[in-house]
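What TrEMBL says about this protein:
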type     : residues      : note
COILED   : 94-142        : coiled coil
COILED   : 178-224       : coiled coil
DISULFID : CYS227-CYS409 : disulfide bond
DOMAIN   : 226-478       : domain 'Olfactomedin-like'
SIGNAL   : 1-16          : signal peptide
Amino acid sequence: MSVPLLKIGVVLSTMAMITNWMSQTLPSLVGLNTTKLSAAQGGYPDRSTGVLPANPEESWQVYSSAQDSEGRCVCTVVAPQQSMCSRDARTKQLRQLLEKVQNMTQSIQVLDQRTQRDLQYVEKMEVQLRGLETKFRQVEENHKQNIAKQYKAIKAKMEELRPLIPVLEEYKADAKLVLQFKEEVQNLTSVLSELQEEMGAYDYEELHNRVSNLEERLRACMQKLACGKLTGISDPITIKTSGSRFGSWMTDPLAPEGDTRVWYMDGYHNNRFVREYKSMHDFMNSDNFTSHRLPHPWSGTGQVVYNGSIYFNKFQSHVIIKFDFRTSSISKSRQLDDAGFNNAYHYAWGGHSDIDLMVDEGGLWAVYATNKNAGNIVISKLNPNTLQIVKSWTTGHPKRSAGESFMICGTLYVTNGYSGGTKVYYAYSTNSSTYEYIDIAFQNKYSHISMLDYNPRDRALYAWNNGHQVLYNVTLFHVIRSEGL
């Protein structure tokens, strides 16, 4: 408030000074210093002071100079007679005086406009300052209430943020992994940059052809990698927990692309119902299945599904049956001559496991024992269509001492037991008709293996472990012989 009021004071003071100058200094400019003021009403000077001309006929004369009610300067001038010479000295002085008066009038008008504008500004500021003063009072009165509201709001926000603390802890735990990824990406970027510099001389078409050629070679290489020597078995992956202590489950290694059906057989004898699940996902997450009734109960857990049919050992016999799921009928059956059955030469865990049918990259196999071979394991390659024996290999390993066995790339791998600590310790190669003792760790997670088979399409071992359906990934050592690679 003080600054705008000071502005008004300065403006009014300036106007008074100008008025004083007009009344006192202006007559001296035209040589009228000897003029006398006339008194009016009681001796008090009138608002206008007259200046009498000495001789009206001589030249221009200033008759009066005064200030009106609105503060404006008013001058009365008496013009000379027409016969007077225009070049008189007083005429020049009066012209100069008129020019000065006009200039001063314009300045006063500008000053008046500025004064009015400043006054409006002051009035506006006054209203704003009063409103601001009122708001300050309100803030001061409501200060405590506002603090309480803000505190409650902050507290509510903290309650909302509290569940994020565990999430942030997880992010913190992953920080090292993120840094590791960052370093790897940086390293990869450097390698790619170097590679780009090295390959800068090649055009795009040539690079594309090289990449396409490399892809073809890699596909050919992967086909050759289908077979190899077993060097490791992963930790078990439990797919499902269901059924009794004994049973078998499998997928078809020759199923067409997109066919991921799972086949499930609970128990090792006196059962003839096979469950079909549409996919591994359905098998893991639901009990929705289709049931197939076999014409005969099976024996043991050595069944296998191969190219749309199930191969199983008929209960209490050495007969092998091929049952076609598409026609729901037996398409072929044949006796496996000299093979022991009905718990004559079972695996160490028992369960009528005399004849074990299995599949690898080479086709269908039967593993069993005979009296002629003194109860030791016999390996026979079977024709999947006729069930005739293509070729047989006799081993020196007792069938009853084997925990379980499976075929990979023409080699039979045998475990040293079925419960507790277990390992793969014996291998017989039908490709070279030789055997060797090996030591490959095998985790028996649920302490009782009653089925163990290899699937060449998945390159995994399917196991039934004490009522749990389990998978194991395998590691194979490959020897590639090709002139093109």
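Positions of Cβ are set from backbone N, Cα and C atoms, glycine also.
Averaged across the coiled coil (94-142), the predicted model reaches a pLDDT of 66. Every protein chain shown contributes to the tally, and the Cβ of CYS409 (disulfide bond) ends up with 19 other Cβ atoms within 10 Å.
Here CYS227 (disulfide bond) comes close to GLU361, ILE408, CYS409, GLY410, LEU476, HIS478: these same-chain residues lie at least six apart in sequence, with C-beta atoms under 8 angstroms from its C-beta.
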